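According to TrEMBL:
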BINDING   A:77, A:98, A:105, A:106, A:107, A:108, A:109, A:122  ATP binding site
BINDING   A:208, A:211, A:283, A:286  Zn(2+) binding site
ACT_SITE  A:225  active site, glycyl thioester intermediate
DISULFID  A:302-A:310  disulfide bond
DOMAIN    A:333-439  domain 'Rhodanese'
ACT_SITE  A:394  active site, cysteine persulfide intermediate
């Protein structure tokens, strides 16, 4: 699934060279402070020589990196390249947080995980890969979900700067507020489809996430990777971009994205840098009279769950829905019916039930006359058989319910005198419970 | 066409001419515009200067394909959409009261939530 990242960069702590086994943490525990490194070893000099040659980094910058602790929340499409480049560059300590396990559908973009890591905690898989790259980086894998209860305690252990790449809305506000309350910058990025965005929030007097977005968006306008899709290299580019900004902050150069939004359009191969508003005096968390002084219930604030799993809608009454098992027996009994698949064409190309009629939900919503006519023709054919219902299916059983509602409103059309039902759980339930050979995506 | 626009202005005894704007939507906001990201639009001449508030109304009537409530709430854009005018956050430009100039770039970005 799409994970998200926070990176807390600490320059108070030092590198601890850990060669011990990686231990997966399921809760936040106090970290032992580490001692500062006085000078680079010969091995350090050789390993980092190509970047030591840069006047922008130099020995002092490298020593600063080695003193830095970074917390990455989410070891996915952004977190993987971020962790990889930070470790390669010689960051001191990496906290790697993710509540999820590695799935096959992650591998096209979450490039630290391999086929053999399927089912493993992402945090552990990422930490193992990072350790293989640079054993001098201390890695602390956390297999847990960031929450109002643990966020401050965790982020405070990675003091100085924060980088975040985020997906779900409640977690974005949670991370932002935790960073503001503990006084840490937040380097935030996100990627979807063929686009990426990056900003450093709460940095050197600049705006925080709430300054830009005081009110959460309506949940129906939020799309995640498993719904909207994403080309793997796009979060890869944005995760590398985050690593760049962390390295600039950690080495002492500073980030120039503090009051700036960088937009990346992968289709046009174009970056745009946008000057953002300054810190807002009226901001609820970083303003002059903040109303948010501790972490609260972000799911209630946003009206959304702090997860990137798809939510399940319940728009229809029970008698308007059937299970995939019910539908299987309708097929087995050769009952006359019409199966309407309302997924977008790009998904129908991936897989479909061969006897389904495909009309995307968007075409129904827009009342596209050609498609509606086709639907009416098929419905009147069905009526000639004197029986049969219209069943609506999609990937997971959300859009199919919306489609039933849209068609119910088509009063006066052929559709309004037929029984409409939605198939619960959609094609993925069909694949899971009825036909294991049907592809899942 | 400039001449014809100017002659129109003379008829109205004002310096106001038609406004040519580049409107870009991204981050998913383009889905409200039928998936089209780039729009080159011409706003008709009017006696008062065009401001962003009026532009939002014009866009709703002329460009939006579906569900205007996902674009505007009240007289402003809905939460989660950032408006940029000539590559700057509209908050720096006066938001709804900004007076549009010919050839201005107006961008509507929806925040991304993926990774």
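Heads up, the Cβ atoms here are built off N, Cα and C, so glycines get one too.
Quantities reported herein were computed from a predicted structural model and do not represent experimental measurements.
Look at residue A:211 (Zn(2+) binding site): DSSP puts it in a helix. In the three-state DSSP scheme, residue A:122 (ATP binding site) falls into the helix class.
This prediction places the mean pLDDT of the domain 'Rhodanese' (A:333-439) at 90. When the recorded positions A:208, A:283, A:286, A:302, A:394 are ranked by how far their Cα is from the Cα of residue A:122 (ATP binding site), A:302 comes first.
The Cβ of residue A:208 (Zn(2+) binding site) has A:176, A:179, A:180, A:186, A:201, A:202, A:279, A:283, A:285, A:286 as same-chain neighbours under 8 Å, each 6 or more residues away in sequence. Counting every protein chain shown, the Cβ of residue A:106 (ATP binding site) has 25 other Cβ atoms within 10 Å. Rounded to a whole number, the distance between the Cα atoms of residue A:302 (disulfide bond) and residue A:211 (Zn(2+) binding site) is 16 Å. Secondary structure at residue A:105 (ATP binding site), taken from DSSP and collapsed to helix, strand or coil, is helix.
Of A:98, A:105, A:107, A:394, listed as recorded positions, none is near chain B by the criterion of a Cβ under 8 Å from one of its Cβ atoms. Looking at A:107, A:211, A:283, A:302, A:394, the recorded positions in this record, the fewest other C-beta atoms within 10 angstroms of the C-beta turn up around A:107.
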